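For reference, the structure discussed in these notes is given below.
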Amino acid sequence: MLTDLQKEILKLKDEKNAIILAHNYQPKEIQEIADFLGDSLELCIKATEITDKDLVVFCGVDFMAETAFILNPKKKIVIPDKEAECPMAHMLTPEQIKEAKKRHPDAAVVLYVNSLASAKAEADILCTSSNALKVVESLKEDKILFGPDNNLARFVANQTDKEIIPIPEGGHCYVHKMFHEGDIIFKKEEHPDAEIIVHPECNEEVQKLADYVLSTGGMINQVKNSKSKEFIIGTEIDLITRINREIPEKKSYPLLNDAICKTMKLHTLEKVKNSLETEEYRIFVDEEIAKKSLSAVKKMIEVSK
Ligand code: 13P
Ligand code: SF4
């Protein structure tokens, strides 16, 4: 049952010919009013399909909304809370990439979509957690500068013959860094039959103990399609909220209850309503940077087909 505020938002959304896109880490009340919920790649692809809407309310972090803008520079893209930034995306500057390119002129630059628009402009191609290996394998170069997540870089390096050079040193997601081997051992004692699924942003030791290492979208599909009835899931807590809402016949447990991405939670129903009423806060990416990044985003979408 929707609350009065949720109903008001849906009415306003129709009046404004708007669409609400939300990442899988959004809280339950926002998941319930979103037109589309997805992982980073699914949201990028969705952003290429929005042709008939005047306003896009993006409930996610800055790099996701910026990518939607890069793909739709003429559309009004708004984010309910302008402080919703991904700290990892801010760990790699365009200057650091240029420096690394000087040291490795024969390397291709693959950037995780969790990066600044100005950094994306320096990339040959982007990737997300669901297509990183495929993207790397699609390139002719044998040497790859890969940033900013060192764990995703390692995840790819373990599955390819190419040389993967992580940039910058220590690039990480503080939420996924919270998980340790002991958490898996502890949870597995509580739920011995559960399948263990973790995100590639987790540390390598954690990945090694998992049955599957998948993007948030991949985790949902795994729970849907697996023969197992129980799952221990190592990612942000509200992905498990989504799984338990949509697949209640199976039991999914968070690896840690306090794995919370604080900036994802800055969006609230009140702020979504405000975005629809005031068309704030508009996302803009510098024209030159948007043009340069567009080719790297499009190449990734092409490779993912
Ligand atoms: P996904 O693309 O797997 O949803 O990951 C996004 C993210 O920010 C993970 O922390
Ligand atoms: Fe960024 Fe980590 Fe939050 Fe994902 S969970 S948006 S990588 S801080």
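Even glycines carry a Cβ here, placed using N, Cα and C.
In TrEMBL this protein carries:
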type    : residues                                                 : note
BINDING : H23, S40, Y112, V113, N114, S129, H199, P200, E201, T216 : iminosuccinate binding site
BINDING : C86, C173, C261                                          : [4Fe-4S] cluster binding site
(request) Among the binding-site residues H23, Y112, N114, H199, E201, report those whose Cα falls within 10 Å of that of C86 ([4Fe-4S] cluster binding site); none is a fine answer. (result) N114
(request) Measure the Cβ-based neighbour count of C173 ([4Fe-4S] cluster binding site), defined as the other Cβ atoms within 10 Å of its Cβ. (result) 25
(message) Which binding-site residues from the set C86, Y112, N114, C173, H199, C261 have a C-beta atom lying less than 6 Å away from ligand 2?
(response) C86, N114, C173, C261
(request) Starting from the Cβ centroid of C86, C173, C261, the recorded [4Fe-4S] cluster site, name every other residue in that chain with its Cβ within 8 Å, sequence order please. (result) V61, P87, M88, N114, Y174, V175, H176, E201, E236, T263, M264
(request) Take the C-alpha atoms of N114 (iminosuccinate binding site) and C173 ([4Fe-4S] cluster binding site) and report the distance between them in angstrom, rounded. (result) 10
(message) Out of Y112, C173, E201, which binding-site residues have CB atoms lying under 6 Å from ligand 1?
(response) C173, E201
(request) May I ask for the distance between E201 (iminosuccinate binding site) and C173 ([4Fe-4S] cluster binding site), taken between their Cα atoms and rounded to an integer number of Å? (result) 7
(request) Based on Cα distances to C261 ([4Fe-4S] cluster binding site), point out the closest of the binding-site residues H23, Y112, H199. (result) H23
